[in-house]
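Asker: Just passing along the structure, written as structure tokens.
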Amino acid sequence: MAAVDSFYLLYREIARSCNCYMEALALVGAWYTARKSITVICDFYSLVRLHFIPRLGSRPDLIKQYGRWAVISGATDGIGKAYAEELASHGLNVILISQEEEKLQAAAKHIADTYRVETLVLVADFSRGREIYAPIREALRDRDIGILVNDVGAFYPYPQYFSQVPEDTLWDIVNVNIAAASLMVHIVLPGMVERKKGAIVTVSSGSCCKPTPQLAAFSASKAYLDHFSRALQYEYASKGIFVQSLIPFYVTSSGAAPASFLHRCPWLAPSPRVYAQHAVSTLGISKRTTGYWSHSIQFLFAQYMPEWLWVWGANLLNRSLRKEALSCQA
């Protein structure tokens, strides 16, 4: 009995001496909970402010805000084509750049007939490197280029381990994903600075958030575009230029990997047209955005999750996409 009493007294003494530490831990816990709660509330507010409120008001006058002409690279498919149509619906004349002349002419005719704007097509294969930029520079000379959309991109045929990626694909990723955006900005930026207005939108990818296995070179090239755009914004915001890094996740376009389960989830992977409508509404508002509300939710999860969990999920998804692509080829 004496031993029990002694243990009880010892326990009370230890508990009394630890009270101050327990109170401190409680304060730390309360501070952490409050901080996370405020972060979640701010993220939710940002989501609503960026993706829903702008679409409730009148459409902005993009011509007055930026200029009369828009240049879109990669304009024959997917996001690029849809973005060109959305800008044309705002009354901007559009210059479409791609390597497929027949599809370019068809897209230009459709836009001109539908939206009653001027169109110009430039046939350019960005994978050929430096030689293609002189004709582009000459064609854009003395035009009021208000918006540049860098959407042209090279992708793996399907997710692959790096050693299995063809060497030509790696060169395409360097020339098309990295060099094309850099050189196109270099061509149009001086005119924008002279006019003290303009917008540059560079399409990155959700895979740039963290290292993405089975898309190693592609995700690294998109990380370059993200950092490039953010740095340009710091350099040229004071000169009236708005630079946006656009970070989409999956969109149901022909250029993306064939993922039928994503096609069955339009809220998760919207069509290019729906995506472009939302993305254009963020122009002039957000310097770095996914462009679509459900993609912003995915981006928040990606930002908060540990890297090992991202890698695990990426491996799981990309294995599934590779398996589906290979089964389609069989």
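Any Cβ shown, glycine's included, is placed from N, Cα and C.
The region 'Required for mitochondria translocation' annotation in Swiss-Prot covers 2-82 and rests on similarity to another entry. What Swiss-Prot lists as N-acetylalanine is ALA2. Swiss-Prot lists GLY74, ALA75, THR76, ASP77, GLY78, ILE79, GLY80, ASP125, LYS222 with the feature NADP(+) binding site, giving similarity to another entry as the kind of evidence.
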Asker: With the NADP(+) site defined by the record as GLY74, ALA75, THR76, ASP77, GLY78, ILE79, GLY80, ASP125, LYS222, how many Å span the farthest pair of C-alpha atoms?
Answerer: 20
Asker: GLY74, GLY78: which of these binding-site residues has the highest Cβ count within 10 Å of its own Cβ?
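Answerer: Selected residue: GLY74.
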Asker: Averaged across the region 'Required for mitochondria translocation' (2-82), what pLDDT does the model get? Just tell me the whole number, please.
Answerer: 77
Asker: Within 10 angstroms of the C-beta of GLY80 (NADP(+) binding site), what count of other C-beta atoms is obtained when all protein chains are considered?
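Answerer: For GLY80 (NADP(+) binding site), the 10 Å Cβ neighbour count is 27.
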Asker: Just to be sure I understand the packing, how many Cβ atoms besides its own are within 10 Å of the Cβ of LYS222 (NADP(+) binding site)?
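Answerer: 26, counting other Cβ atoms within 10 Å of LYS222 (NADP(+) binding site).
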Asker: Please report the DSSP secondary structure of GLY78 (NADP(+) binding site), reduced to three states.
Answerer: helix
Asker: My understanding is the cutoff is Cβ-Cβ under 8 Å with a sequence separation of 6 or more in the same chain; which residues meet that for THR76 (NADP(+) binding site)?
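Answerer: The list for THR76 (NADP(+) binding site) reads LEU96, SER98, GLU100, LYS103, LEU104, ALA107, given in order along the sequence.
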